[in-house]
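A short write-up of the structure that comes next.
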Amino acid sequence: MTTSATEKALEDRAKSLHKKEKKASAKAAAAAGASASTSLEGSPSPASPAKKDKKDKKDKKDKKRSADDADADDDEKAAKKRRKEEKKAKKAAAKSGAATSLESTPAASPAPAASSSASAASFTPTNPAAARAFVESHNITIEAPEESNERPPLPMVDFRELDGKVDAAVKKTLDSQGFSTPTPIQACCWPVLLQNKDVVGIAETGSGKTFAFGLPALQHLVTKHKVLDSGKKKAKGAQVNVLVIAPTRELAIQTEENMAKLGKSMGIGMICLYGGVSKQEQVRLLNQSPPVRIVVGTPGRVLDMARDGSLDLSGVTYLVLDEADRMLDKGFEPDIRAIIGMCKSREEGRHTSMFSATWPPAVRGLAESFMNGPVRVTVGSDELSANRRVEQTVEVLADGYAKERRLNDFLRSVNAQRSKDKILIFALYKKEAQRIEQTLRRGGFKVSGIHGDLGQNERIASLERFKSAETPLLVATDVAARGLDIPNVEHVVNYTFPLTIEDYVHRIGRTGRGGKTGKSLTFFTEMDKAHAGELIRVLKDADQKVPDALTKFPTTIKKKTHSSYGDHFKELVPGKAKKITFDDD
C-alpha cells in the first residue's frame with residue numbers, strides 16, 4: 001500500500017467514526033436531558049458503560065489496523081531498497097560497460113563510440129603487480145566507501161592505459177603536455193573519476209591535482225554535455241557545466257591556467273572568476289564565444305555572480321572543491337554550501353571531487369553532506385606532517401634585530417645576487433614584508449613582493465617575475481603559503497615564525513616538490529617560544545636536526561582539537577575573566 005492510499009484510508013475511517021460519535025452523542029443527549037453538552041470537537045457526553053466499552057474496543061481496533069498498514073508500507077519500502085541494492089551489486093559484479101539507468105548511475109552518459117569515449121566499466125590495469133608496487137612505493141591508501149562491497153580500483157601507472165577510456169581529443173591534448181608518467185594523485189583519481197564516481201583526494205599542493213580532476217572534467221564534457229555545445233542559452237545567465245572552487249585568487253588563476261592547457265586546444269571555453277577586478281568585464285567574458293563550460297573561481301565572486309543572475313549554476317554536473325581545508329579555515333563554508341545548493345543535486349547526476357592537504361573533522365563533515373559514497377585517495381599521510389625531502393634548518397637568534405643581518409649573510413652565501421635560484425622569504429605581516437623588500441632592494445638584490453596591500457594585477461605581475469626568475473627573490477605573507485604551485489623553489493626562509501605550526505609546515509612545503517629536494521631556514525626568537533614544543537615534534541617526525549638552543553624553551557604542547565586545524569591547535573583568544581569575591585568579615 002502506498003503512503004497516499006494509507007492516508008486516504010485513515011481519513012475515511014476518521015469520517016466514519018465522526019458520524020457514529022455524533023449519533024451516539026445525540027442518543028446520550030436525549031437520554032440525559034437538555035443539560036447534557038458535547039465538547040468543541042464533537043466528543044459525546046459519557047454514555048452507558050456498555051456502549052462506551054464497545055466504542056473503545058472499536059477505536060483500538062482501528063488504531064491497530066492503521067499501525068499495521070503503516071508497518072506494511074515501511075516493510076515494502078525496505079524491500080524495495082534491498083531489491084535496488086541487489087540489482088546494483090549484480091551490475092557491479094558483471095562489470096558491464098553498457099550505459100545504465102539514471103537511478104543506478106546518475107551521471108552515466110549515452111553509450112558513445114568505443115574509440116572516443118570512456119567506458120563505465122571498472123578499470124583493470126594491464127600490469128596489476130606494477131600498480132600494487134606503485135601504491136606501496138608512494139605510500140598511497142585507496143579506500144572504498146564503507147557501504148560499498150566493491151574493491152577500490154588500482155591506479156593507472158601508464159598514460160597508455162587511457163587509450164579507449166577517454167576521447168581521442170582528450171588523450172591527444174594530454175600527450176602534447178610532454179609528461180612521462182602520471183603523478184600518484186593522478187594515477188589513483190583517474191580510474192575513479194572516469195567511472196563517474198565521487199573522490200576525495202588527500203595530497204600536498206603541487207602534486208598534480210589540477211590534471212587529476214581536469215582530465216576527467218574534459219571527458220565529462222565531451223560525453224555528457226556534447227549536445228549542449230551549440231551555445232544556445234536557456235537561462236538569463238551563462239550556464240556552465242564544470243565548476244572548480246578554490247580558496248584564493250592566486251590559486252584560482254593558477255588552476256584555470258593549467259586547465260586551459262588541456263581544454264582550449266579542444267575549443268572548450270573557460271574563465272576564472274575572482275574579486276578585486278571588474279565584474280562587468282567578467283560578465284562579458286562569460287558570454288563570449290565559444291560558450292564558457294568551465295568556471296574556476298573563488299567562493300565569494302562565484303556566489304555573487306550566481307545570485308545576481310550573471311552566472312547560472314543549475315547545469316553544473318561536475319563540481320570540484322580544491323584546497324577544501326583551506327576554504328574552511330578562511331570561513332567559506334556558508335558560501336560553499338550556498339553554491340552547492342545552486343548546482344544539480346546528487347540525485348540529478350552531479351559528481352563531486354574534493355581535494356585537501358589534510359582530513360580534519362570539518363572537511364569530513366562537508367564530504368558526508370554533499371558527496372555520494374566517495375572513494376578516498378591519500379598520498380602520504382592525512383595528518384599534517386613536514387615534507388621529508390626538505391632539509392630544515394632552525395636558527396635560534398638572540399632577538400629580532402639579528403634577523404636582518406643573518407638574512408643578508410645567508411643570501412650572500414648562496415650568491416643570491418647572481419644566481420637564478422628561487423628563494424621565497426616569508427614575513428608575518430604586510431608592513432614587515434614591505435620593509436624587508438625595500439631593504440633587500442637597497443642591498444642590490446632583485447626582489448618582488450606579494451601581500452595584501454598590492455592590487456591584483458601587481459600581485460600577478462610579482463608572481464610571474466618570480467616564476468620566470470626575473471626576480472629570484474620573493475617576499476610574501478601567508479597569502480602565498482597555501483595553494484600556489486611555484487615550481488623549482490630552492491629555498492624557503494621564515495624571517496618571522498608563523499602564528500601556527502600548520503602554517504610553518506605549509507610554508508616550507510613550497511620547496512621540495514615533484515620529487516625534488518629543497519631547503520628551509522627558520523629564524524626563531526624568544527617571541528616564538530610558545531611554538532618550541534610543536535616545532536621540535538615536527539623536526540623529529542621528519543628526522544631533522546633539533547638545535548640545542550631550541551630545547552631550552554618550554555616544550556609542553558597543549559593538545560586541543562579544532563574543527564579545521566585538528567590536534568595541536570593553540571587557542572589564541574583569551575578566556576573570559578573570572579570575578580573574585582570575598583566573604584565579609
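Every residue, even glycine, has its Cβ placed from backbone N, Cα and C.
On a predicted model such as this, the values are computed, not experimentally measured, just so you know.
Among the ranges 159-187, 275-303, 333-361, the one that Swiss-Prot lists as motif 'Q motif' is 159-187. Matching 22-25, 262-265, 322-325, 518-521 against Swiss-Prot, the residues noted as motif 'DEAD box' span 322-325. Within the motif 'DEAD box' (322-325), the DSSP-based counts of helix, strand and coil residues read 2 helix, 0 strand, 2 coil.
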